[in-house]
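The structure appears right after this line, and notes come after that.
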Amino acid sequence: MNPPASSPVRLALGGLVAMAIGMGIGRFIFTPILPGMMSDLGLTPGDAGIIASANYVGYLLGAVIAGFGWASGIERPLVYLSLALSAALCFAMSVSDGVIMFSVVRFFAGMASAFMLVFTATIVFSHLAATNRQDLQALHFGGVGTGIAFSSLLVAFCSAYGLGWREDWIGAAILSTLGLLAVLALIRQGPVRNGSAVEEEPITWTPAFIKINIAYGIFGFGYIITATFIIAIVRTSHGGAWMEALVWLLTGATGAVSVWLWTPLLRRVGPFVALALGCAVQAIGVAASVVLPSPVGPLLGGVLLGLTFIVITAFGFQAGRVLLPNAPRRVMAVMTAAFGIGQIIGPLIAGYLANITGNFTSATLVAAAGLVVAALFAFSARTQ
C-alpha cells in the first residue's frame, strides 16, 4: 500500500514539469522548429506532414500499450525513463537527416510522450484524489502550455543569435534534461494503492458514446493541423522570427491557464456543452489564422488554439466517463484511439493539400469545418 503524498502541491508541480517536458517540448516543439527545417532542408509540406504523423502514430501506440495495466508498481521509473528518452530523442533530431530518419525519431518521441502522460497522470491524480485536491489537476495540465511557452522562447533565443534548427533541438534536449532533474526531486512516490483493482464493465456502444467518439476523432484531426503548421503559416506570411515566437508564446501561455479559465463554465453547463463550445471557439481561431491578415490572424489563431485544445482534451474524457461511469480506463483507451487516428490523418491531409495549393489556407479551412462538425456531434451527445 502506498500512502497519499504529504504535499499534493509538490506532486502537482512534478506533473506540471513532466508535462512541460514530455508534451510541451518533446511533442510540440516540432511546430516552431519546423519552418527552419523546411527552409534549410527543402522539406515540402507533405514531408512535414509525414514526420508529424509519425509522431502521432507513436503517441497512439504508446498510449494503447501503456493502458494495458502491465506497469503496475513501476510507474515512477517509467516516468523517469520516458522523460530521459524524450531528451535523448530531441538530441537525436539535431543529428538526423531525411524524412525517414526524422520520422523514426519522432515516432519514438511520440511513444515516450504517451508513456509520460499515462504514468505521470496515474501517479499524480491518485495522490490528488486521495488528498481531495482534485483542484490541482489544473496545475498539472498547465504543464503543456508552460512547455510550449518555453519552447517558443528557446527558438526565439536561438534565432536571435543566428543559430539554426539543429541548435534548437540541442537546446530542447538541454531543457528536457534540466526538467528531468526537477521531476526526480518532485515525484518521489508511485501511485496511491489501497486495495485490489476493480474489474471494469465492457464498453457499451450507445448512440451518445459513438457521437462523442466521432466528435473526439474529428477534434484530433482539426486541432492538430493548426497545432502543427501555425508557425509555418506565419513564416509564409513573412511575419518574421519574433512574430513566430510571439504566436507560439501566446499559444503556450493561454494553454497554461486554460483549464482554470474554463472550469467555471464546465461546472455550469457540463462537459458536453463545454466540449461543443470549445470546438466552436477553436474553429473560429483556426479559420482566423488564414482568413484574417497577419499579424491579427495568426495571433488570434494562436490565442484561441491555446485557450481550447487542452481543455477540449480533458472535457472529452469527462464526457465519456459520464456516459460510461463504470469503465473509465476503457473509455480513455477507446477515446484515445479515436483522437489518435484523427491526429495521424490531419497532418497527412494538410501536407497533401498544401503541396497542391502552395499554401495552408485550404487545409486550415478544412480543419475549421471539421471542428464545427465536432461541436455538433458533441452537443448532440448530451442526451442519451
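Any Cβ shown, glycine's included, is placed from N, Cα and C.
TrEMBL lists 10-384 with the feature domain 'Major facilitator superfamily (MFS) profile'. According to TrEMBL, the transmembrane segment annotation covers 12-30, 50-71, 78-95, 107-129, 141-163, 169-187, 208-233, 245-265, 272-292, 298-319, 331-354, 360-379.
Per-stretch counts of Cβ pairs under 8 Å to the transmembrane segment (208-233) identify 360-379 as the leading one among 12-30, 298-319, 360-379. Counted over residue pairs separated by six or more positions, the transmembrane segment (78-95) shares fewer than 3 Cβ pairs under 8 angstroms with the transmembrane segment (272-292), which leaves the two as not touching.
Across the residues of the domain 'Major facilitator superfamily (MFS) profile' (10-384), the predicted structure has a mean pLDDT of 92. The recorded stretches the transmembrane segment (12-30) and the transmembrane segment (107-129) share 3+ CB pairs below 8 A when only pairs 6 or more apart in sequence are counted, and are therefore in contact. Note on the transmembrane segment (331-354): residues 44-50, 52-53, 56-57, 59-60, 63-64, 67, 203, 212-214, 216-225, 228-229, 313, 316-317, 320-321, 323-324, 360, 362-364, 366-367 of its chain, located 6 or more positions outside it, place their CB under 8 angstroms from a CB of the stretch.
Long-range contacts of the transmembrane segment (141-163) within the same chain: residues 15-21, 23-26, 28-29, 32-33, 171-172, 175, 241-242, 244-249, 251-260, 306, 310, 314, each at least 6 residues beyond the stretch ends and with a Cβ under 8 Å from a Cβ of the stretch. Most Cβ pairs under 8 Å to the transmembrane segment (272-292), among the stretches 245-265, 298-319, 360-379, belong to 298-319.
If one looks beyond the transmembrane segment (50-71) by at least 6 residues along the same chain, the residues whose Cβ comes under 8 Å of a Cβ in the stretch are 27, 30, 43, 78, 99, 102-104, 106-115, 117-119, 197, 224, 228, 329, 332-333, 336-337, 340-341, 343-348, 351. Long-range contacts of the transmembrane segment (245-265) within the same chain: residues 24, 31-32, 137-138, 141-153, 155-156, 159, 230-231, 234, 239, 274, 277-278, 298-299, 301-303, 305-311, 314-315, each at least 6 residues beyond the stretch ends and with a Cβ under 8 Å from a Cβ of the stretch.
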